[in-house]
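Notes follow once the structure below has been shown.
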Amino acid sequence: MTFSFELLNLRPTLMRFDIWPFVIGYLALYSWWSTLDEEAPVETNPLMEKINKATFQGAEIYNDEVYYESMENIYARLTFIGLVFFHSLTYMSSFWSVQMKSKIRYYSGGNKLSLNNVKNYKFCKIQFVKQQKSYSDIVTIHSDQTNKYWIYFMENKYFYDETKESFIRLKPNVKFNLKNLENHEKLEEYEKNSLLIPMKKFNEVLKEQLMEPFSFFQIFSVSLWLLDESRIYALFTLSMLFVTSCTVVIQRMKTMLTLRQMKLNPQLITVYRKKQWIKISSELLVPGDIVILQTAEQIKPAAKENNNDDEQFLRQQIPFSQHLPPKLFQVETMNVDSYKSVPCDILLLNGQVVVNESMLTGESVPQVKEGINQHQNEQLDIKNKHKSNVIFCGTEIIQLQGNTQYPSHINNDQKQSHCLGLVLRTGFDTAKGKLIKTVFYNNENANVKQTDGLFIVVVLLIFALSASAYVLMNGLQEESRNKNKLFIRCILIVTTVVPPELPMILSIAVNQSLALLQLRKIFCTEPFRIPLAGKVEVLAFDKTGTLTNDTLVFSGIVDNCINRSSKSKSDCSLYCQQILAGCHQLIYADNKLQGDPIELLFFQQNNQWNYQTQQKYAQNKDLGLSLYQQQVFSFKSDLKRMSTVVQVDQKGQRHYRLLVKGAPEALQQLFQEVPDEYEYCYQHYSNLGYRVLCLADREIEQYENQEREELEKNLVFRGFLICESPLKTDTQQWIQKFKSSYFQPIIITGDNLLTAIAVGKQLKLNDNQKTYILDYHDNNYVLIEHGTKNTKVLNNLEKEITKSEGMLCISSSIMEKLIDQNLIKLIIHFSIFARMSPKQKETIVIQFKKQGKGVLMCGDGTNDVGALKKADVGIALVTNQGEEQKEEDEEEEERIANLSFTEQMQQVKKQQEELRKKMSEAKGDKEKMKNIANQHMQQQAAGLFDMGPSYKFGDACIAAPFTSKMSTSIRCVHTILKQGICTLVTTIQTYKIMALQSVLNAYSLSALHMQSLKMSETQMTLMGILGAAYYFCYSSAKPQRNLSKIKPSFSIFEFSFFISLTLQVILHVWSMHYAIHHIAMPNMTELEKEIKNDTEFKPTFLNTTVFLLQLLQQSCIFLFNHPGEPHMQKINVKSKFFKSLFIPLVLCIISAFNYSEMLNSYLELTFPSSEEPSVQLTMLCVFVTITNWLIEKGTKTLKYKKWYGFI
């Protein structure tokens, strides 16, 4: 991530580079043009002959004399056209590129940001580069009377720092020392705590859309077609451009409206300012404020400054909105109660808070947040160590338990008991703000590199320029040629490089995939990652909750390591019962006990013990025993344990105990005495696939709020909790499907290594039955064969790991050694990674990517956030609906995905009728009506104009680019991989089709323009309509139901791609050349040879031949270059796409026979009287069709070593 700054000042209008050079050019051109005269050569021909010749040569008739325009006049006119084009291009480039805008419209002050320079310049160009994306803008430099300077960029504020001579982002300090908490700086300069994205007007967004490079290119092409008298085709292209642009603009505005729905409405909040508590709007909060927290039910809304209806705003902006479908303006109102959410990121200072984070992370289990220990001499770490002390923006507080332990600088003489929080981050710096920015900037302003597309366009441009130059050189040698038309048509040849449909082509494939994913309840915040899913080779899975069920099965408690017999909850020792009853963070919410599944096990079906969350005590009435939690040390992934201090009250006797549970290997180091066969005991159960937790405790003689490190030592072993986390019913099925394809599945888990190995064996991650664990003994790496005592010392680690067979496994401690010795690249050979911290999971993903492997990571929305974000494709499973859906659901989804547009609209209407019926039945019950509405919005199909993604808060989470609410099954991985491969393959094949179309258009136009001919408007419009329809249907292709065993092509830079492209180019160029020079021109009559289409169109056998053959070639290119198997579905013979391709194909062959006079008249075709040319043309059409099919299918067979059908 890098920033660069450049100081700028506006140039005076006349000094802009898009003004003064062209003013000089226009004046020079005018001076030159005014000196030119008409030439009037001597003519002796009769007047009628003069008129015919004048019309042919582009001359004019005055007083019965023919005046031919001089070449200088033609050059001057063309120079004017060129000057206007480059003037427009220069002007438009300032809208396309911030870099060009800074050069054209501004003076540069350089990159040195000294104070004097900043004072003297009013603007700044800022560029932000992150991974493959870049954002840049020119922003205004603001200042005040105190000589402070700042800028705004991407919703953030940057202050000028004189010492660093740079603009530094005004970023809340969230890494301060906890000992200095009382002196934490308050940032008064901060902006309003709001997540509202500014709404652009319709005309502004439309202007931006029409000024896109492709749109400008199309408008320029249209103007040339108008100059060539092709008005109908030009107006058709222009109307298609305008309608498409308006559709995109409306969709962009709807997306922005939906993003605005994610904002937080302000609430009234009590804040400590000027040594007193006052109530203010949450919009006025700044980092450093101390606030009193409230539950969602206690919060009251604050008055809003702007109550304008966004939908009404959209309706007012769009012209003729009263004539457009009402659905176009419908935006679900989903944030009516958003004022009840936490308005910013808050550090909890005291007490305990239970929050619902599902709206952000997807974690369905309520999370317990503890007050921070304000006396620790350490840095605040909100991402890892102190995450359990931070309440994030957008979450809801369910329960509060305050106390009187206020910070010393806050007056609490009245001993009030509240939960206090320190505001850490506000606005777009918060967790929720970052989510909104991710969605917004990935849809609006991201520039993603398109190497393949750029390469194709450059190659085609070279070809088109060569063809254009050839036509120009030959045309200039003919003195009788109309030079105006010649130059215009030469430019038209160049414009064939980019088809008018290209902007639509590149967006449809991705948007179609987004829509299909949404139908399957998979939501994507970064659409550019969908094609990356097609390049994935490694599938990384978290174990618990992803491959295995969240629900655990209690298997027993082992309190004797020697005999290893398991006991029930009631039969185990009292010490074990106390640890399980008192060492947890369970809460009572929604009328039931909730929390970590492993902590719930002890209380499930246990009539002896019960737990009260308000008083935080567990009680066993039979024994007269109560445990009161005094302090909770939450589970830390780096420590691999949690502990609580409890007051034990039994029959009047009271004492304190420390209760600890955690990973067996982590607690082993803290024991006062390690029991015999301790390691063998827990490894025995781990080998069987059980989850094993060690239970330990010790008595505390005197409890005085000691530090965790002081308490967690000299522990006494009490037993092992043995529980089972069974695989989800379909996990094995999907892993085998991935393995049977070309994917490498791996497990990355924080669980025990032996437990992970047992799961890996169940899933058969490796076909070799042997499993090896990498370990380190006596300064040597060794491979230990699992299940035996066979050990092999690795003298050459890199060589032997690479050649080893079987399933390789590694633990976190050994991976750290690999990192220290710069051998981390070897981890790509491992299948199981155990006891990994969130940071180590991230490292594993990064290393696989460095080795050139595309990585998909699938996990939950909490512990795996870093890895999910670093992976090419990160999927967060956030559903809380229990077990996976049935197989029939997939068939139903497949049916929905294949519905036509009309059928989808009928289904939407049916759903709306069902909704009205349910709402009328639930009338009066607000809660039930709300649930029905939410359920309907999840099921709602994509409607009219929904060409892009729609986001609802709660659909996407901050954890990953992809959020799956389809089920808890890893089936969503299969769905995303299929759709990614479909999008990737479609994009690559689109580039091939675009290249073939461009070459064909350039060559056919060159051939016609060489003879001063062209196609009729009817012919051009027909080909334009069919081309647009082909591209639309082609980009909407569906993936195969199952993943192929063959890798797709990741790029166009592949041998088979260029072989297929080259052979097809040769075929179509040769066939066109043969048709022109061996069929059309030898059979043209003398009268036809005299026809020139410089003014009006007159059909000839040459343009008839070119039109029919080009239409056939266009159909062949789309039909035979359809990807089809093995990655996509075959073309359905009943589909509209097949009919739209097959009918023109047959029509061309029939028309070549000269079969129907009416058809000839409609298509403006003409044929010679002899039948032989028609037969030759028909045979050529048949030959091209068969050969094109053989070329594409032959190259595909050579590539895949298998014959695949396409229908």
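One-based numbering along the chain as shown.
Placed from the backbone N, Cα and C atoms, the Cβ positions cover glycine too.
These come from TrEMBL:
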- 898-932: coiled coil (COILED)
- 336-438: domain 'P-type ATPase A' (DOMAIN)
- 14-33: transmembrane segment (TRANSMEM)
- 74-98: transmembrane segment (TRANSMEM)
- 233-253: transmembrane segment (TRANSMEM)
- 454-474: transmembrane segment (TRANSMEM)
- 486-510: transmembrane segment (TRANSMEM)
- 1020-1037: transmembrane segment (TRANSMEM)
- 1057-1076: transmembrane segment (TRANSMEM)
- 1137-1155: transmembrane segment (TRANSMEM)
- 1175-1191: transmembrane segment (TRANSMEM)
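Ranking 14-33, 74-98, 233-253, 1175-1191 by CB pairs under 8 A with the transmembrane segment (1137-1155) puts 1175-1191 at the top. A contact links the transmembrane segment (1020-1037) to the transmembrane segment (233-253), because at least 3 Cβ pairs that are 6 or more residues apart lie under 8 A.
Long-range contacts of the transmembrane segment (14-33) within its own chain (CB-CB distance under 8 A, at least 6 residues past either end) are made by residues 73, 76, 79-80, 83, 86-87, 90-91, 94, 103-105. Long-range neighbours of the transmembrane segment (454-474) within the same chain, counting only residues 6 or more positions beyond its ends whose Cβ lies under 8 Å from a Cβ of the stretch, are 486-487, 489-491, 493-494, 496-498, 991, 994-995, 998-999, 1002-1003, 1005-1006, 1009-1010, 1052-1053. Each residue in the domain 'P-type ATPase A' (336-438) gets a DSSP state, and the totals come to 21 helix, 30 strand, 52 coil.
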